[in-house]
(Lines of atoms letter the chains of each structure in order from A and count residues from 1; the text may use other names and numbers.)
(Lines give C-alpha, C1' and ligand atoms only; values in the text may rest on other atoms or scores of the structure.)
Protein backbone atom coordinates (compact mmCIF):
# COMPACT_ATOMS: atom_id res chain seq x y z
CA UNK A 1 0.00 0.00 0.00
CA UNK A 2 1.44 3.37 -1.01
CA UNK A 3 -0.17 6.40 0.57
CA UNK A 4 1.05 9.80 -0.54
CA UNK A 5 1.30 12.89 1.64
CA UNK A 6 -0.28 11.28 4.66
CA UNK A 7 -3.75 10.79 3.15
CA UNK A 8 -4.95 7.51 4.67
CA UNK A 9 -7.56 4.98 3.56
CA UNK A 10 -9.32 5.74 6.85
CA UNK A 11 -10.01 9.29 5.65
CA UNK A 12 -11.72 7.89 2.57
CA UNK A 13 -13.73 5.49 4.75
CA UNK A 14 -15.37 8.57 6.28
CA UNK A 15 -17.02 9.09 2.86
CA UNK A 16 -18.06 5.42 2.61
CA UNK A 17 -15.15 4.22 0.41
CA UNK A 18 -13.54 1.04 1.76
CA UNK A 19 -10.70 -1.36 0.98
CA UNK A 20 -8.70 1.14 -1.07
CA UNK A 21 -5.71 -0.56 -2.73
CA UNK A 22 -3.65 2.51 -3.45
CA UNK A 23 -4.06 6.28 -3.18
CA UNK A 24 -2.37 8.47 -5.78
CA UNK A 25 -2.58 11.81 -3.98
CA UNK A 26 -2.23 15.09 -5.89
CA UNK A 27 -0.21 13.44 -8.68
CA UNK A 28 2.35 15.46 -10.61
CA UNK A 29 1.77 16.24 -14.28
CA UNK A 30 4.55 13.81 -15.20
CA UNK A 31 2.91 10.99 -13.27
CA UNK A 32 -0.50 11.73 -14.82
CA UNK A 33 1.10 11.70 -18.28
CA UNK A 34 2.48 8.20 -17.63
CA UNK A 35 -0.81 6.97 -16.15
CA UNK A 36 -2.95 8.26 -19.05
CA UNK A 37 -0.73 6.69 -21.69
CA UNK A 38 -0.44 3.32 -19.89
CA UNK A 39 -0.81 0.80 -22.77
CA UNK A 40 -2.83 -1.56 -20.54
CA UNK A 41 -5.70 0.95 -20.29
CA UNK A 42 -8.78 0.36 -22.41
CA UNK A 43 -11.94 2.24 -23.35
CA UNK A 44 -12.49 5.81 -22.22
CA UNK A 45 -9.68 5.62 -19.63
CA UNK A 46 -7.04 5.50 -22.35
CA UNK A 47 -5.26 8.65 -23.51
CA UNK A 48 -3.64 9.18 -26.92
CA UNK A 49 -0.50 11.28 -27.41
CA UNK A 50 -0.78 14.03 -30.02
CA UNK A 51 1.98 15.72 -32.01
CA UNK A 52 1.50 18.92 -29.97
CA UNK A 53 2.56 17.07 -26.80
CA UNK A 54 -0.89 17.12 -25.21
CA UNK A 55 -2.81 13.93 -24.39
CA UNK A 56 -6.25 13.49 -26.00
CA UNK A 57 -9.12 11.52 -24.42
CA UNK A 58 -12.59 10.40 -25.46
CA UNK A 59 -15.39 11.19 -22.97
CA UNK A 60 -17.75 8.56 -24.34
CA UNK A 61 -21.40 9.23 -25.23
CA UNK A 62 -21.38 12.32 -23.03
CA UNK A 63 -19.58 15.04 -24.96
CA UNK A 64 -21.28 17.82 -22.98
CA UNK A 65 -23.00 18.30 -19.66
CA UNK A 66 -26.21 16.38 -19.01
CA UNK A 67 -28.49 19.01 -17.39
CA UNK A 68 -31.50 16.67 -17.33
CA UNK A 69 -29.58 14.39 -14.94
CA UNK A 70 -28.78 17.11 -12.36
CA UNK A 71 -30.33 16.86 -8.88
CA UNK A 72 -30.09 18.73 -5.57
CA UNK A 73 -31.08 17.17 -2.24
CA UNK A 74 -34.08 19.12 -0.92
CA UNK A 75 -33.75 19.31 2.86
CA UNK A 76 -33.71 21.94 5.61
CA UNK A 77 -30.51 23.51 4.20
CA UNK A 78 -31.86 24.11 0.71
CA UNK A 79 -35.66 24.04 0.92
CA UNK A 80 -36.21 27.81 1.20
CA UNK A 81 -33.09 29.15 -0.55
CA UNK A 82 -32.60 27.11 -3.74
CA UNK A 83 -34.18 28.05 -7.08
CA UNK A 84 -36.16 24.86 -7.69
CA UNK A 85 -37.19 23.46 -11.07
CA UNK A 86 -40.65 22.57 -9.76
CA UNK A 87 -41.55 25.98 -8.32
CA UNK A 88 -42.33 29.39 -9.84
CA UNK A 89 -42.29 30.46 -13.48
CA UNK A 90 -38.56 30.22 -14.21
CA UNK A 91 -37.18 27.14 -15.96
CA UNK A 92 -34.02 25.59 -14.53
CA UNK A 93 -32.23 22.30 -13.96
CA UNK A 94 -32.36 22.18 -10.14
CA UNK A 95 -34.54 19.10 -9.75
CA UNK A 96 -35.16 18.09 -6.13
CA UNK A 97 -33.84 14.77 -4.82
CA UNK A 98 -35.01 13.04 -1.65
CA UNK A 99 -32.43 12.27 1.07
CA UNK A 100 -33.35 8.57 0.65
CA UNK A 101 -32.53 8.53 -3.08
CA UNK A 102 -29.31 10.44 -2.32
CA UNK A 103 -28.23 7.67 0.06
CA UNK A 104 -28.92 5.09 -2.66
CA UNK A 105 -26.83 7.03 -5.24
CA UNK A 106 -24.05 7.53 -2.70
CA UNK A 107 -23.99 3.78 -2.12
CA UNK A 108 -23.61 3.15 -5.85
CA UNK A 109 -20.66 5.55 -6.15
CA UNK A 110 -18.86 4.43 -2.99
CA UNK A 111 -19.20 0.77 -4.01
CA UNK A 112 -17.77 1.68 -7.42
CA UNK A 113 -14.76 3.42 -5.85
CA UNK A 114 -14.17 0.84 -3.08
CA UNK A 115 -11.45 -1.75 -3.55
CA UNK A 116 -9.80 0.33 -6.27
CA UNK A 117 -6.67 2.32 -6.91
CA UNK A 118 -7.85 5.93 -6.56
CA UNK A 119 -6.65 9.35 -7.61
CA UNK A 120 -7.34 12.04 -5.02
CA UNK A 121 -6.82 15.69 -5.92
CA UNK A 122 -7.16 18.47 -3.34
CA UNK A 123 -7.67 21.88 -4.93
CA UNK A 124 -9.27 25.28 -4.39
CA UNK A 125 -12.25 26.83 -6.13
CA UNK A 126 -11.88 30.61 -5.80
CA UNK A 127 -8.76 32.80 -5.76
CA UNK A 128 -9.88 34.72 -2.68
CA UNK A 129 -8.77 32.81 0.47
CA UNK A 130 -11.69 34.27 2.47
CA UNK A 131 -14.40 32.73 0.30
CA UNK A 132 -12.75 29.87 -1.60
CA UNK A 133 -13.93 26.27 -1.40
CA UNK A 134 -11.38 23.61 -0.48
CA UNK A 135 -12.48 20.70 -2.66
CA UNK A 136 -11.39 17.06 -2.57
CA UNK A 137 -11.93 15.18 -5.85
CA UNK A 138 -11.92 11.37 -5.81
CA UNK A 139 -11.83 9.36 -9.06
CA UNK A 140 -10.47 6.06 -10.41
CA UNK A 141 -9.61 7.63 -13.78
CA UNK A 142 -6.22 9.32 -14.29
CA UNK A 143 -7.36 11.82 -16.93
CA UNK A 144 -10.22 13.01 -14.71
CA UNK A 145 -7.62 13.81 -12.03
CA UNK A 146 -5.62 15.62 -14.73
CA UNK A 147 -8.71 17.65 -15.72
CA UNK A 148 -9.21 18.73 -12.11
CA UNK A 149 -5.53 19.63 -11.72
CA UNK A 150 -5.77 21.81 -14.85
CA UNK A 151 -9.06 23.52 -14.05
CA UNK A 152 -8.95 24.23 -10.32
CA UNK A 153 -6.47 26.25 -8.28
CA UNK A 154 -3.44 24.14 -7.37
CA UNK A 155 -2.47 24.52 -3.69
CA UNK A 156 1.13 25.11 -2.63
CA UNK A 157 2.88 22.39 -0.58
CA UNK A 158 2.28 24.51 2.50
CA UNK A 159 -1.44 24.84 1.72
CA UNK A 160 -1.69 21.09 1.10
CA UNK A 161 -0.14 20.32 4.47
CA UNK A 162 -3.03 22.07 6.20
CA UNK A 163 -5.72 21.21 3.64
CA UNK A 164 -9.14 20.50 5.13
CA UNK A 165 -11.76 19.79 2.46
CA UNK A 166 -15.07 21.55 2.84
CA UNK A 167 -16.55 19.92 -0.27
CA UNK A 168 -16.13 16.37 -1.61
CA UNK A 169 -16.62 15.31 -5.24
CA UNK A 170 -16.85 11.55 -5.82
CA UNK A 171 -16.70 10.68 -9.50
CA UNK A 172 -18.09 7.21 -10.21
CA UNK A 173 -18.29 7.61 -13.99
CA UNK A 174 -18.28 3.82 -14.46
CA UNK A 175 -21.41 3.20 -12.38
CA UNK A 176 -25.06 3.81 -13.28
CA UNK A 177 -28.35 3.69 -11.37
CA UNK A 178 -30.53 0.73 -12.42
CA UNK A 179 -33.41 1.89 -10.19
CA UNK A 180 -33.83 5.30 -11.84
CA UNK A 181 -37.36 4.64 -13.12
CA UNK A 182 -38.90 3.70 -9.79
CA UNK A 183 -37.10 6.67 -8.18
CA UNK A 184 -38.66 9.05 -10.72
CA UNK A 185 -35.31 10.15 -12.18
CA UNK A 186 -34.49 11.08 -15.77
CA UNK A 187 -32.09 8.23 -16.62
CA UNK A 188 -29.52 5.83 -15.18
CA UNK A 189 -26.96 8.68 -15.14
CA UNK A 190 -26.79 11.25 -12.35
CA UNK A 191 -25.01 14.38 -11.16
CA UNK A 192 -26.26 14.98 -7.62
CA UNK A 193 -25.45 17.54 -4.91
CA UNK A 194 -26.02 17.56 -1.16
CA UNK A 195 -25.44 20.95 0.51
CA UNK A 196 -25.82 19.51 4.01
CA UNK A 197 -23.15 16.86 3.41
CA UNK A 198 -21.29 19.24 1.06
CA UNK A 199 -20.80 16.56 -1.54
CA UNK A 200 -21.24 15.95 -5.28
CA UNK A 201 -21.81 12.50 -6.79
CA UNK A 202 -21.29 11.67 -10.48
CA UNK A 203 -22.46 8.45 -12.12
CA UNK A 204 -22.70 7.31 -15.73
CA UNK A 205 -21.12 10.34 -17.40
CA UNK A 206 -17.38 10.66 -18.06
CA UNK A 207 -17.59 14.31 -19.12
CA UNK A 208 -15.04 16.32 -17.11
CA UNK A 209 -17.10 19.50 -17.27
CA UNK A 210 -19.55 18.05 -14.71
CA UNK A 211 -16.90 18.53 -12.00
CA UNK A 212 -16.03 22.04 -13.16
CA UNK A 213 -19.61 23.28 -13.49
CA UNK A 214 -20.68 21.40 -10.37
CA UNK A 215 -18.40 23.51 -8.22
CA UNK A 216 -19.48 26.62 -10.13
CA UNK A 217 -23.10 25.87 -9.15
CA UNK A 218 -21.99 25.59 -5.52
CA UNK A 219 -20.14 28.95 -5.64
CA UNK A 220 -23.30 30.36 -7.25
CA UNK A 221 -25.17 29.28 -4.14
CA UNK A 222 -22.72 30.31 -1.43
CA UNK A 223 -21.36 33.69 -2.64
CA UNK A 224 -24.47 35.76 -3.52
CA UNK A 225 -25.91 34.94 -0.07
CA UNK A 226 -22.85 36.88 1.24
CA UNK A 227 -23.43 39.79 -1.18
CA UNK A 228 -20.62 38.69 -3.53
CA UNK A 229 -21.37 38.54 -7.26
CA UNK A 230 -20.87 35.09 -8.78
CA UNK A 231 -20.58 35.35 -12.55
CA UNK A 232 -20.45 33.15 -15.67
CA UNK A 233 -17.93 35.41 -17.36
CA UNK A 234 -14.35 35.81 -18.47
CA UNK A 235 -12.25 38.73 -17.24
CA UNK A 236 -9.10 40.62 -18.14
CA UNK A 237 -7.22 43.75 -17.11
CA UNK A 238 -5.49 46.49 -19.12
CA UNK A 239 -2.14 48.20 -18.51
CA UNK A 240 -3.82 50.92 -16.44
CA UNK A 241 -5.54 48.37 -14.18
CA UNK A 242 -8.90 48.73 -15.96
CA UNK A 243 -10.90 45.51 -15.58
CA UNK A 244 -13.44 44.16 -18.09
CA UNK A 245 -15.79 41.21 -17.63
CA UNK A 246 -17.36 39.28 -20.52
CA UNK A 247 -20.62 37.46 -19.84
CA UNK A 248 -21.86 34.87 -22.29
CA UNK A 249 -23.01 31.34 -22.79
CA UNK A 250 -20.78 28.62 -24.17
CA UNK A 251 -19.50 29.37 -27.66
CA UNK A 252 -20.28 33.10 -27.67
CA UNK A 253 -16.62 34.15 -27.41
CA UNK A 254 -15.81 34.48 -23.69
CA UNK A 255 -12.51 32.61 -23.90
CA UNK A 256 -11.50 33.93 -27.33
CA UNK A 257 -12.24 37.62 -26.65
CA UNK A 258 -10.79 37.79 -23.14
CA UNK A 259 -7.56 36.13 -24.35
CA UNK A 260 -6.13 39.37 -25.72
CA UNK A 261 -2.40 40.04 -26.27
CA UNK A 262 -2.92 43.67 -25.16
CA UNK A 263 -4.45 42.71 -21.81
CA UNK A 264 -3.67 40.29 -18.99
CA UNK A 265 -6.13 37.44 -18.48
CA UNK A 266 -7.76 37.01 -15.06
CA UNK A 267 -9.76 33.97 -16.17
CA UNK A 268 -11.95 32.64 -18.97
CA UNK A 269 -15.22 31.40 -17.45
CA UNK A 270 -16.09 31.79 -13.75
CA UNK A 271 -15.50 34.79 -11.48
CA UNK A 272 -16.57 36.47 -8.27
CA UNK A 273 -16.75 40.22 -7.53
CA UNK A 274 -16.32 41.25 -3.91
CA UNK A 275 -15.25 44.36 -1.98
CA UNK A 276 -11.69 44.03 -3.32
CA UNK A 277 -12.56 43.45 -6.98
CA UNK A 278 -12.88 40.63 -9.51
CA UNK A 279 -11.32 37.20 -8.87
CA UNK A 280 -11.16 33.89 -10.75
CA UNK A 281 -12.72 30.71 -9.36
CA UNK A 282 -10.40 28.55 -11.46
CA UNK A 283 -6.77 27.74 -12.13
CA UNK A 284 -7.16 26.86 -15.78
CA UNK A 285 -9.03 27.41 -19.04
CA UNK A 286 -11.47 25.17 -20.91
CA UNK A 287 -11.45 26.31 -24.51
CA UNK A 288 -13.51 25.08 -27.44
CA UNK A 289 -11.26 23.75 -30.20
CA UNK A 290 -13.65 23.20 -33.11
CA UNK A 291 -12.10 24.84 -36.21
CA UNK A 292 -9.24 26.16 -34.04
CA UNK A 293 -6.42 27.73 -36.05
CA UNK A 294 -3.05 29.13 -35.04
CA UNK A 295 -3.76 32.24 -37.14
CA UNK A 296 -7.15 33.16 -35.61
CA UNK A 297 -6.45 32.16 -31.99
CA UNK A 298 -2.69 31.89 -31.46
CA UNK A 299 -2.78 32.08 -27.64
CA UNK A 300 -5.18 29.16 -27.31
CA UNK A 301 -3.42 27.13 -30.02
CA UNK A 302 -0.05 27.63 -28.34
CA UNK A 303 -1.51 26.58 -24.97
CA UNK A 304 -2.07 23.09 -26.39
CA UNK A 305 1.14 21.40 -25.34
CA UNK A 306 2.38 18.95 -22.70
CA UNK A 307 0.04 19.03 -19.61
CA UNK A 308 -2.93 20.26 -21.67
CA UNK A 309 -5.76 17.72 -22.04
CA UNK A 310 -7.77 17.48 -25.27
CA UNK A 311 -11.30 16.04 -25.35
CA UNK A 312 -13.14 14.37 -28.23
CA UNK A 313 -10.87 15.69 -30.99
CA UNK A 314 -9.98 13.57 -34.02
CA UNK A 315 -6.37 12.39 -33.77
CA UNK A 316 -4.88 10.99 -36.98
CA UNK A 317 -2.59 7.96 -36.96
CA UNK A 318 0.50 10.19 -37.11
CA UNK A 319 -0.63 12.08 -33.97
CA UNK A 320 -1.75 15.24 -35.78
CA UNK A 321 -5.14 16.71 -34.85
CA UNK A 322 -7.99 17.50 -37.22
CA UNK A 323 -9.50 20.49 -35.41
CA UNK A 324 -12.08 20.93 -38.20
CA UNK A 325 -13.63 17.50 -37.62
CA UNK A 326 -16.81 17.79 -35.56
CA UNK A 327 -18.06 14.27 -36.36
CA UNK A 328 -17.81 13.14 -32.72
CA UNK A 329 -19.11 16.46 -31.37
CA UNK A 330 -18.95 20.17 -32.13
CA UNK A 331 -18.04 20.59 -28.44
CA UNK A 332 -14.39 19.54 -28.78
CA UNK A 333 -12.37 21.03 -25.91
CA UNK A 334 -9.00 21.51 -24.33
CA UNK A 335 -8.25 22.16 -20.67
CA UNK A 336 -4.92 23.66 -19.68
CA UNK A 337 -3.43 25.35 -16.60
CA UNK A 338 -3.87 29.11 -16.86
CA UNK A 339 -0.10 29.69 -16.98
CA UNK A 340 -0.09 28.16 -20.48
CA UNK A 341 -1.31 31.61 -21.50
CA UNK A 342 1.65 34.01 -21.35
CA UNK A 343 -0.26 37.17 -20.58
CA UNK A 344 -1.99 36.46 -17.26
CA UNK A 345 -2.40 38.20 -13.93
CA UNK A 346 0.23 36.80 -11.52
CA UNK A 347 0.69 35.37 -8.96
CA UNK A 348 -3.03 35.29 -8.08
CA UNK A 349 -5.82 35.49 -10.68
CA UNK A 350 -7.54 38.61 -9.36
CA UNK A 351 -7.66 42.36 -10.01
CA UNK A 352 -9.61 45.50 -9.11
CA UNK A 353 -13.23 46.46 -9.78
CA UNK A 354 -14.65 46.11 -13.29
CA UNK A 355 -15.53 49.28 -15.21
CA UNK A 356 -16.64 47.58 -18.45
CA UNK A 357 -19.28 44.84 -18.42
CA UNK A 358 -19.81 43.14 -21.79
CA UNK A 359 -22.76 40.85 -22.55
CA UNK A 360 -21.90 38.51 -25.45
CA UNK A 361 -24.74 37.07 -27.49
CA UNK A 362 -24.67 34.97 -30.65
CA UNK A 363 -27.89 36.03 -32.37
CA UNK A 364 -28.96 33.32 -34.83
CA UNK A 365 -31.70 35.61 -36.16
CA UNK A 366 -29.28 38.26 -37.40
CA UNK A 367 -31.37 41.01 -35.76
CA UNK A 368 -29.20 42.49 -33.01
CA UNK A 369 -26.41 44.98 -33.79
CA UNK A 370 -22.74 44.01 -33.37
CA UNK A 371 -22.58 46.43 -30.42
CA UNK A 372 -24.82 48.71 -28.38
CA UNK A 373 -24.41 50.72 -25.19
CA UNK A 374 -26.92 49.83 -22.48
CA UNK A 375 -28.74 52.01 -19.95
CA UNK A 376 -28.89 50.85 -16.31
CA UNK A 377 -32.36 49.32 -16.81
CA UNK A 378 -31.36 47.71 -20.11
CA UNK A 379 -28.37 46.20 -18.31
CA UNK A 380 -30.67 44.40 -15.87
CA UNK A 381 -33.14 43.46 -18.62
CA UNK A 382 -30.53 41.88 -20.88
CA UNK A 383 -28.72 40.23 -17.95
CA UNK A 384 -31.95 38.56 -16.82
CA UNK A 385 -32.87 37.67 -20.41
CA UNK A 386 -29.48 36.12 -21.21
CA UNK A 387 -30.30 35.73 -24.88
CA UNK A 388 -28.10 33.84 -27.29
CA UNK A 389 -28.34 31.11 -29.88
CA UNK A 390 -27.46 27.78 -28.38
CA UNK A 391 -24.40 26.79 -30.33
CA UNK A 392 -23.69 23.32 -31.52
CA UNK A 393 -22.76 20.62 -29.13
CA UNK A 394 -22.22 22.09 -25.66
CA UNK A 395 -25.21 20.01 -24.60
CA UNK A 396 -26.17 16.61 -25.96
CA UNK A 397 -28.56 16.57 -28.90
CA UNK A 398 -28.13 20.17 -30.08
CA UNK A 399 -26.36 20.60 -33.41
CA UNK A 400 -27.95 23.63 -35.12
CA UNK A 401 -28.08 27.19 -33.71
CA UNK A 402 -31.39 27.65 -31.90
CA UNK A 403 -32.41 30.75 -29.95
CA UNK A 404 -32.33 30.39 -26.19
CA UNK A 405 -32.76 32.55 -23.11
CA UNK A 406 -30.56 31.67 -20.16
CA UNK A 407 -30.93 33.92 -17.13
CA UNK A 408 -27.73 35.75 -16.15
CA UNK A 409 -26.01 34.11 -19.16
CA UNK A 410 -25.79 30.90 -17.14
CA UNK A 411 -29.19 29.61 -15.97
CA UNK A 412 -27.88 26.03 -16.00
CA UNK A 413 -25.50 26.92 -13.16
CA UNK A 414 -27.73 29.20 -11.06
CA UNK A 415 -28.65 27.94 -7.61
CA UNK A 416 -30.64 31.01 -6.48
CA UNK A 417 -33.38 32.99 -8.24
CA UNK A 418 -31.92 35.05 -11.15
CA UNK A 419 -33.05 38.36 -9.65
CA UNK A 420 -30.65 37.78 -6.72
CA UNK A 421 -27.68 37.70 -9.12
CA UNK A 422 -28.94 40.79 -10.96
CA UNK A 423 -29.29 42.73 -7.70
CA UNK A 424 -25.76 41.87 -6.56
CA UNK A 425 -24.25 42.65 -9.98
CA UNK A 426 -26.02 46.01 -10.23
CA UNK A 427 -24.82 47.00 -6.75
CA UNK A 428 -21.24 46.14 -7.69
CA UNK A 429 -21.50 47.99 -11.02
CA UNK A 430 -22.98 51.11 -9.43
CA UNK A 431 -20.28 51.23 -6.76
CA UNK A 432 -17.57 50.93 -9.45
CA UNK A 433 -19.25 53.27 -11.97
CA UNK A 434 -19.25 50.44 -14.54
CA UNK A 435 -20.89 50.64 -17.99
CA UNK A 436 -22.51 47.68 -19.80
CA UNK A 437 -22.57 46.83 -23.52
CA UNK A 438 -24.39 44.22 -25.60
CA UNK A 439 -22.10 42.64 -28.23
CA UNK A 440 -23.47 40.30 -30.90
CA UNK A 441 -20.83 37.75 -31.96
CA UNK A 442 -23.42 35.85 -34.03
CA UNK A 443 -24.93 36.41 -37.42
CA UNK A 444 -26.29 39.27 -39.52
CA UNK A 445 -28.44 39.60 -42.64
CA UNK A 446 -25.71 38.20 -44.89
CA UNK A 447 -26.17 34.80 -43.24
CA UNK A 448 -22.51 34.87 -42.21
CA UNK A 449 -21.16 35.06 -38.69
CA UNK A 450 -19.62 38.39 -37.64
CA UNK A 451 -15.85 37.87 -37.94
CA UNK A 452 -13.56 37.59 -34.91
CA UNK A 453 -11.55 40.46 -36.44
CA UNK A 454 -14.58 42.82 -36.44
CA UNK A 455 -15.63 41.73 -32.96
CA UNK A 456 -12.11 42.32 -31.63
CA UNK A 457 -12.14 45.86 -33.10
CA UNK A 458 -15.47 46.47 -31.34
CA UNK A 459 -14.10 45.18 -28.02
CA UNK A 460 -11.04 47.45 -28.46
CA UNK A 461 -13.37 50.44 -28.97
CA UNK A 462 -15.24 49.57 -25.77
CA UNK A 463 -12.07 49.10 -23.73
CA UNK A 464 -10.21 52.20 -24.97
CA UNK A 465 -13.24 54.43 -24.44
CA UNK A 466 -13.74 55.43 -28.08
CA UNK A 467 -17.20 53.82 -28.15
CA UNK A 468 -18.35 55.96 -25.21
CA UNK A 469 -17.34 59.08 -27.16
CA UNK A 470 -18.97 57.99 -30.43
CA UNK A 471 -22.21 59.47 -31.72
CA UNK A 472 -25.10 57.02 -31.54
CA UNK A 473 -28.47 56.38 -33.16
CA UNK A 474 -31.33 54.28 -31.79
CA UNK A 475 -32.33 50.95 -33.32
CA UNK A 476 -36.13 50.85 -33.43
CA UNK A 477 -38.13 48.19 -31.60
CA UNK A 478 -35.16 47.23 -29.39
CA UNK A 479 -34.33 50.87 -28.46
CA UNK A 480 -30.60 50.12 -28.47
CA UNK A 481 -27.99 52.90 -28.77
CA UNK A 482 -25.64 52.03 -31.65
CA UNK A 483 -22.46 53.97 -32.55
CA UNK A 484 -22.53 55.60 -36.00
CA UNK A 485 -18.88 54.65 -36.59
CA UNK A 486 -16.01 52.86 -34.88
CA UNK A 487 -12.31 52.61 -35.78
CA UNK A 488 -11.48 49.42 -37.69
CA UNK A 489 -15.11 48.36 -38.23
CA UNK A 490 -17.02 48.57 -41.51
CA UNK A 491 -19.68 51.22 -40.77
CA UNK A 492 -22.23 49.28 -42.80
CA UNK A 493 -22.10 46.40 -40.28
CA UNK A 494 -23.02 48.56 -37.27
CA UNK A 495 -26.67 48.87 -38.31
CA UNK A 496 -27.99 45.31 -38.80
CA UNK A 497 -30.68 46.59 -41.19
CA UNK A 498 -27.93 47.43 -43.71
CA UNK A 499 -26.95 43.76 -43.99
CA UNK A 500 -30.36 42.76 -45.40
CA UNK A 501 -31.58 43.07 -48.99
CA UNK A 502 -34.36 45.29 -47.63
CA UNK A 503 -35.19 46.90 -44.23
CA UNK A 504 -38.52 45.02 -44.30
CA UNK A 505 -36.66 41.70 -44.07
CA UNK A 506 -34.93 42.90 -40.89
CA UNK A 507 -38.26 44.22 -39.55
CA UNK A 508 -39.93 40.84 -39.99
CA UNK A 509 -37.16 38.94 -38.18
CA UNK A 510 -36.94 41.66 -35.52
CA UNK A 511 -40.64 41.28 -34.70
CA UNK A 512 -40.18 37.52 -34.26
CA UNK A 513 -37.21 38.02 -31.92
CA UNK A 514 -38.86 40.89 -30.00
CA UNK A 515 -41.86 38.67 -29.28
CA UNK A 516 -39.54 35.94 -27.97
CA UNK A 517 -37.87 38.46 -25.64
CA UNK A 518 -41.24 39.72 -24.37
CA UNK A 519 -42.64 36.22 -23.80
CA UNK A 520 -39.48 35.10 -22.01
CA UNK A 521 -39.40 38.12 -19.68
CA UNK A 522 -42.97 37.47 -18.54
CA UNK A 523 -41.60 35.16 -15.83
CA UNK A 524 -40.00 38.15 -14.06
CA UNK A 525 -43.13 40.31 -14.03
CA UNK A 526 -44.52 38.77 -10.83
CA UNK A 527 -42.35 41.18 -8.80
CA UNK A 528 -42.57 45.01 -8.89
CA UNK A 529 -38.85 45.27 -9.77
CA UNK A 530 -39.27 42.85 -12.68
CA UNK A 531 -42.41 44.54 -13.96
CA UNK A 532 -40.60 47.90 -13.93
CA UNK A 533 -37.90 46.50 -16.24
CA UNK A 534 -40.32 45.54 -19.04
CA UNK A 535 -40.00 49.07 -20.45
CA UNK A 536 -36.25 48.49 -20.99
CA UNK A 537 -36.94 45.61 -23.38
CA UNK A 538 -38.16 45.54 -26.99
CA UNK A 539 -41.57 46.96 -27.88
CA UNK A 540 -43.77 45.73 -30.71
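Every residue gets a Cβ built from N, Cα and C, even glycine.
Marked as substrate binding site by Swiss-Prot: 65, 207, 213, 333. Here Swiss-Prot flags 213, 232, 248-256, 297, 333, 449-450, 455 as ATP binding site. Residues annotated as Mn(2+) binding site in Swiss-Prot: 213, 232, 269. Annotated N6-acetyllysine per Swiss-Prot: 87, 523, in sequence order.
Its Cβ placed at the centre, residue 207 (substrate binding site) has 26 other Cβ atoms within 10 Å.
Of all the recorded positions given, namely 213, 523, the one with the smallest number of surrounding CB atoms inside 10 A is 523.
Counting every protein chain shown, 26 other Cβ atoms lie within 10 Å of the Cβ of residue 333 (substrate binding site). Closest by Cα distance to residue 256 (ATP binding site), from the recorded positions 207, 213, 232, 523, is 232. Using a 10 Å Cα-Cα cut-off around residue 232 (Mn(2+) binding site), the binding-site residues 65, 207, 248, 333 reduce to 248.
Look at residue 87 (N6-acetyllysine): DSSP puts it in coil. If you measure from the Cα atom of residue 65 (substrate binding site) to that of residue 248 (ATP binding site), you get 17 Å. Each of 212, 216, 270, 410, 413 belongs to the same chain as 213, 232, 269, is absent from that list, and has a C-beta within 8 angstroms of the C-beta centroid marking the Mn(2+) site. Note on the recorded positions 65, 87, 232: the fewest other CB atoms within 10 A surround the CB of 87. Under DSSP, residue 523 (N6-acetyllysine) is assigned to a helix (H, G or I) in the three-state scheme.
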